[in-house]
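First comes the structure, then the notes that go with it.
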Amino acid sequence: MSSWITGLADKAENILNKLDQNAATALQTENATGSADPMRRSMTSSTQSLSTSLKSTLSPVRRSGANSSSSVKSDGGVSVVTKDMRQKMTTSASFSNSPDISANSMDTNELAAFKIALNEITAERDELRLRLEDLNNETEKFDLHQHTQVLEALVKSLSEERDKAVHDYNEAQAANMAYVHSISELETNLAKLQQEYISAAHKLQMQTKETEQQRQELQEYRIKAQRALQAKDSLIAELKAKPTEEGADPNLVSKDSETRFLQIEHESLKQELEHANEELQKARLQLDDYVSQERQRQVELSSARQREETLAKELRQAREHSVTSESDQRVLTQELASLRQQLSNQMAAAATRLQEREQQLQQMRQRLSEEANTGAKSDYETRLKALTQSLVERQSLLERVTSERNALRLQHEKAQTQLQQNMHLVEMESQRGSSRHTMLNSTDDVKAQFPLLMHPSPFDNRVARRFKRALRQADSMGIRVGTFLRRYPMMRVSVIVYVALLHLWVMFVLLSTTPN
């Protein structure tokens, strides 16, 4: 929009220059009849070109007027100026094109009126330029405001992302600690289960061996009993086949008694065989129980192995995460070292420039003290003011650099604390045990603030310089003591306890002693 308005102003200026040239040529010509026609033609052509240029330039300006309030105001001003210019140019054109005016009646009064109109047009042109400059300033301010808003939104989004990343990192660290603890517990449980499984397998083997031995003994006993029973059954059958007669000899009676005794033994052996069969059934049931228990132990062992595999996978992932965090930490430390190197180089360059400026300032002061000319003194005073201003700017730049150095130093300390924490976590994962560790205080955000009264100025005397130097040294010592106490909480507590004991001792001395 500003380019269109500048184009409009340039076209109006060109047209006015043409009108001035035509008026000058008309005044120089002596023949009025010959000069009226080209003057009329030039004025009509200039008015037509001005109207066309105004229309062509105002149309995009009016279209862009709906975008912002500032553009609307500028279009209003431009439209008013263009209306005035049109009216004046139409009056001048009608004045030139009127049929009543002839070539003989144009005189110096009309030319003077034409010059007055030209002067008014030039004044309006200047006013249009001023409005154009104001409009450009407003547009620049508006662009700067929009740019600042965009930057503020970007800073806010970046701060939110940083907070979110810190929160995610803390959550991941807590989850990692929980995983390490659970892994250690599961490993202990797995070792216990393995020991129990080994002991149960050993017991099962012993019991299977005992059952096999008992089974073999039972089979041998069964075979022997069956043989004895078969022999006795055959003997009983023979005795039954040959019954004894009455009045038989006593040998047969003794044999009958032996057969009865053998029958009794046969019945007892049958009972023992039944008892042995019952014991064999019990042993079989126990063997089945042992087999089922062994199957259950195998199922538990397979589940424990699956758990062990999952835990091993989680442990690998945790180790990979720790390795990535260590690599990120190394990259951050390298970047921090490079930034510190750049900062030290900038500080050295600024210090050398400051020394050069101070030397130049001293040379200028010597020259001012030597010379007595007032004009030279005023010139030197202006130079001295410029040098002092540049010196103040250099000092402010040096202060900014020192503040950035302190911020980078704090970032370095935070990175070191994070690196120590990550190394401690890696050691805990390698040892597979939980151990407590103390974290350093990373809230050391002290920034060196330099009061305005302590700034050295070139107009200070020696006493003021020494006093300000002493104040700066005392301020730096106080800042160092404050950072030391913030960084080490035990020293802070010890100092507080020492001050409290000192006050108690002083109160005890004051209350216990009596005046003479």
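Using N, Cα and C of the backbone, Cβ positions are placed for all residues, glycine too.
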Candidate set SER42, SER51, SER64, SER435, annotation phosphoserine, source Swiss-Prot, matching residue: SER64
Phosphoserine: annotated position in Swiss-Prot, out of SER49, SER69, SER74, SER378: SER74
Confidence summary (mean pLDDT) of the coiled coil (108-423): 79
